[in-house]
């Protein structure tokens, strides 16, 4: 039965290959690639041969032995004279002159046995010789022809299609939607910085690290990860609302993409309005030459986004100021004690660091800080 199936499928595949109008394009592309590869190998061989001839025209390096990072012993041949040179970073010293009885073949054989070939030109030359062997050539070439009999060669990429909905709107096929989604991922960092609580959290963590006097502990990766997960925790009610009101209807094809974007922006806009000061909104409205609004829902994103970021920066610095005060007091006390004891050469930060860490641990600083940050957002 398998032989019958193969006997039915194989003729159709061969017929499709040799009767298709695209066979000329496939063959021309295949031979074009082969020709380019052969030309590239020929050019590289010529370049390597020119370099070898140019380097060995007057002086020939017979052997070389490395003694250190910048020290080596080299045997060179100038006409019939063989010199042993000691080479360092700043000097070249003549060590010995070999007798003319020593043949180059003996030295070359020792070099081949002791030292492996590390020259790129020699490796390329050897590769070209291996490639041009008949057995290797006969094994590689049939593979290119076998690719022609693979049915996947004729696979086509589905083109983008559009569909007209009942309400007259237009929607696109899934590949276009996927392309738009992947393109929108490039705006994810800007989304995290401009429309969530990430900015305030990461600034406060950075100021806390400076107040403690530990510029490398916790490391940046830990702070970014903690700020990211804390952002998802604080923004989870907003994200749930976006998921229910925008993504679910869009995935069920109840609304199109434009409506999903508009409905998804409403919860984010509400979150940003709750964190933004009125003074910042008035400032950017004045810069945009907009007098007033009937309600806050009419504020456009081009005014709300910079106002929200400005308010977040101001709030983050206010929280950082309150964090600095107890650690600053410890620094002043330690510096005063060291001055009174006459230990002016001892840096106060070295002595005050253990006291800062002890104070931060005793008051359960991380829990206190995370709780205060979470409660500082109006959701």
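Yeah, the Cβs are placed from backbone N, Cα and C, and that goes for glycine too.
Annotation comment: Swiss-Prot describes 23-43 (among others) as transmembrane segment.
Summarising the annotation, Swiss-Prot assigns transmembrane segment to 140-160 (among others).
Same-chain residues lying 6 or more positions outside the transmembrane segment (178-198) and placing a CB less than 8 Å from one of its CB atoms are 227-228, 230-231, 234-235, 257, 268, 271-272, 275, 305, 308-309, 312, 377. Per Swiss-Prot, the feature transmembrane segment maps to 178-198 (among others); the stated evidence is sequence analysis.
Counting same-chain residues at least six beyond the ends of the transmembrane segment (222-242), those with a Cβ under 8 angstroms from any Cβ of the stretch are 192, 196-198, 201-202, 205-206, 209, 264, 267-268, 270-271, 370, 373-374, 377, 379. Taken from Swiss-Prot, the feature transmembrane segment applies to 222-242 (among others), supported by sequence analysis.
Residues annotated as transmembrane segment in Swiss-Prot, with sequence analysis given as evidence: 319-339 (among others).
The feature transmembrane segment is assigned by Swiss-Prot to 357-377 (among others). Cβ atoms under 8 Å from those of the transmembrane segment (357-377) belong to residues 197, 200-201, 204, 208, 212, 230, 233-234, 274-275, 315, 319, 323, 326-327, 330 of the same chain, restricted to positions at least 6 beyond its ends.
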